[in-house]
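Pulled from Swiss-Prot, these are the features on record:
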- THR57, ASP131, GLU156, LYS186, ASP190: substrate binding site (BINDING)
- 157-159, 222-227, GLU243, ASN248, 299-301, ASN346, HIS353, 426-430: NAD(+) binding site (BINDING)
- SER183: phosphoserine (MOD_RES)
- LYS186: N6-(2-hydroxyisobutyryl)lysine (MOD_RES)
- TYR193: phosphotyrosine (MOD_RES)
Amino acid sequence: MADKLPYKVADIGLAAWGRKALDIAENEMPGLMRMREMYSASKPLKGARIAGCLHMTVETAVLIETLVALGAEVRWSSCNIFSTQDHAAAAIAKAGIPVFAWKGETDEEYLWCIEQTLHFKDGPLNMILDDGGDLTNLIHTKHPQLLSGIRGISEETTTGVHNLYKMMANGILKVPAINVNDSVTKSKFDNLYGCRESLIDGIKRATDVMIAGKVAVVAGYGDVGKGCAQALRGFGARVIITEIDPINALQAAMEGYEVTTMDEACKEGNIFVTTTGCVDIILGRHFEQMKDDAIVCNIGHFDVEIDVKWLNENAVEKVNIKPQVDRYLLKNGHRIILLAEGRLVNLGCAMGHPSFVMSNSFTNQVMAQIELWTHPDKYPVGVHFLPKKLDEAVAEAHLGKLNVKLTKLTEKQAQYLGMPINGPFKPDHYRY
C-alpha cells in the first residue's frame, strides 16, 4: 500500500531551508492565514482525505499546511515534472505530510507520484484538489472504482477547467467539481498579475537577455496573455499578439498591440511566449523562419503548445546550456533557444508566481474544498462556481496587507443601488 512509503523528495536535508521560506511566505499570504484563524478550531475538513496534484512550491506548502490545520489528511504530488521546489517538498515531508515530488521527474516518475496519493491509512481519497486535470483523469480512467467515494474536485487552472467541461459534455464526469480558476480573485489576479511578474523572472534567469528593443510575440490574449504582454511591453519590447477570438484580438488592438498570425509573426520575433492552453501553436515551419537565437517558451499548463518533437527530430545539433535551457541548431544555420523543454517557463526556470497573488488562488481552493466537503447536497455532478460573496471575501482578506481602505455604502446608497449594504456588490455575470 502507498502508506508504507511516507514520502519521496529530492533531499530531505533541504527541509530547514524550506521551513524558513515557508515562514516568509506565510507573511505574504494573508488569505490563507485568515482561513487558519477562522477555521482551525472548528476543523471543517475533518474526515477529508485530500489527494492534491498541484505545483509543489513554497506557496503550495502553505496551502497544504492550511488544509491540515483545518482538519484534512493530505497526500501530494506536483502537476508538472519541473515545477517542484525541492526545499518546499522537503519541508512538507519533514512535517509528516506525505509528498511525492521532486524537480526533474521523468514522465513515468510523474505518474508514479500521482499514484502514491490515492490511498491513505484509513482508506482511499475522498476529495481531489487538482491543477490541470491529470489526477482527475487518472481516477476516471484507471481507478473508476474510487469515484463513488469522492465528494468533489476543486480545479485550479484554465486547462483543467477546459478538461472538466469537456468531460461533462461527453458524459464522463462522475464527481461534482468547483471551477476555482474562474473565480474573479483567481483568474483576474493569478493569471494576470502573477504571470506579469513570473514570466520575466523565468526568461531573465534562463537567458539574462535584454528585453528592451526586442520584438516579443505572445500567442493568446486571455488573462495570462494580457499579463505577459504587459510585462514585456513594460520592459521595452515591441509586442505582437496572435489570437483566434475576435473579442480578445480587438482588446489587444485597442491596447496598441499589433495582432497578426504566427505565420507572419514568426519572422519578426526575438522572444516567443505561448499562453493559449491549446496544441500546435509554434510548429516546424515557424522555427524555420525565426531569427537566429530566437527565444521560445511556454506559460500554458501542458507542453503541447510548442512542437518540441520537431526540434528534436530535425535540428542538426542540440546543446544543453544549463538546466531547462537548450539551444538547437537548425539546418538553415539559425539557432533556437528553448526554455523548460516547452513546459511552464515561470516554474521551470524560476520560482513561479509571488506568494501574495497565490494567496488569492489558494484561499479560493480552501473555500472550494470546505464547500464541497461540508455541503455535498448543494453540488450535484457538474462544474460549479464559488458564490460571489466568497469571491469578495477572498479579495477583502488581502486588502489590509496593501493598506487599502474601503468606502462603505450608506443605507441610502444601498437602497438606491438595490443591493445589500455589505455585498455582494456585483451580479454573477459582471466581468470586472
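Just so it is clear, glycine is given a Cβ too, placed from its N, Cα and C backbone atoms.
Here the binding-site residues are ASP131, GLU243, and the one with the most other Cβ atoms within 10 Å of its Cβ is ASP131. Not a single one of the binding-site residues GLY222, GLY225, GLU243, GLY300, HIS353, ASP428 has a C-alpha within 10 angstroms of the C-alpha of LYS186 (substrate binding site). For GLY222 (NAD(+) binding site), the nearest of the recorded positions ASP131, GLU156, SER183, ASP190 in terms of C-alpha separation is ASP190. Cα-Cα distance from ASP428 (NAD(+) binding site) to ASP190 (substrate binding site): 20 Å (rounded to the nearest whole number). Within 8 Å of the centroid defined by the CB atoms of THR57, ASP131, GLU156, LYS186, ASP190, the record's substrate site, lie the Cβ atoms of LEU54, HIS55, THR157, VAL180, ASN181, HIS353, MET358, SER361, PHE362, GLN365, excluding the listed residues themselves. Looking only at Cα atoms, ASP190 (substrate binding site) sits nearest to HIS353 among the binding-site residues GLY225, GLU243, GLY300, HIS353. For the recorded positions GLU156, THR157, SER183, a Cα to Cα distance of within 10 angstroms from TYR193 (phosphotyrosine) holds for none. Listed in sequence order, the recorded positions near ASP131 (substrate binding site) (C-alpha within 10 Å of its C-alpha) are THR157, out of THR157, SER183, GLY300, HIS353. Annotation note: SER183 (phosphoserine) sits in a coil segment as assigned by DSSP.
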